[in-house]
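Chemist: Mind having a look at this structure? Questions to follow.
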Amino acid sequence: MNTVRVTFLLVFVLAVSLGQADKDENRMVMQEKTEQGKSYLDFAENLLLQKLEELEAKLLEEDSEESRNSRQKRCIGEGVPCDENDPRCCSGLVCLKPTLHGIWYKSYYCYKK
């Protein structure tokens, strides 16, 4: 019975000592993997940031091109309300009070001369 206890105690001590070494080794391996994972995450984050900046620059460029090409009209077209004191009707149009169908609007409209 003593030999069984001694054998069990010896196996237990060996398992604990070897297990502890494995635990320390496992901890070091985990730290290395964590550091590698962090560097990979930093790389992926930088790559994503670059792509987003490129996309933002492209969108801003398209917006500026669109605003350059689209000019606001500086005159008012036919049948559009205008101000009697400050008429901005296009050439060939005059700001007049409406006749017949538009009398109830109490506003001036651009009409052909």
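Glycine residues also receive a Cβ, built from the backbone N, Cα and C atoms like all the rest.
Note that the coordinates shown come from a computational prediction; the quantities given were computed from them, not determined experimentally.
Here Swiss-Prot flags 1-21 as signal peptide. Annotation source Swiss-Prot lists disulfide bond at Cys75-Cys90, Cys82-Cys95, Cys89-Cys110.
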Chemist: Taking the Cβ of Cys110 (disulfide bond) as the centre, count every other Cβ atom within 10 Å, in any protein chain shown.
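Modeler: Step by step: centre on the Cβ of Cys110 (disulfide bond), count other Cβ atoms within 10 Å, giving 21.
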Chemist: Given the disulfide-bonded residues Cys82, Cys89, Cys90, which one has the fewest other C-beta atoms within 10 angstroms of its C-beta?
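Modeler: Across Cys82, Cys89, Cys90, these disulfide-bonded residues, the one with fewest Cβ atoms within 10 Å is Cys90.
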Chemist: Can you tell me how far the Cα of Cys75 (disulfide bond) sits from the Cα of Cys110 (disulfide bond), in Å?
Modeler: 10
Chemist: Among the disulfide-bonded residues Cys75, Cys95, which residue has the fewest other Cβ atoms within 10 Å of its own Cβ?
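Modeler: Per-residue Cβ counts within 10 Å for the disulfide-bonded residues Cys75, Cys95 bottom out at Cys75.
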Chemist: Any idea what the Cα distance is from Cys95 (disulfide bond) over to Cys89 (disulfide bond), rounded to a whole Å?
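Modeler: Distance between the two Cα atoms comes out at 7 Å.
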Chemist: Tell me the Cα distance separating Cys110 (disulfide bond) from Cys82 (disulfide bond), rounded to the nearest angstrom.
Modeler: 6
Chemist: Hey, does DSSP put Cys82 (disulfide bond) in a helix, a strand, or just coil?
Modeler: strand
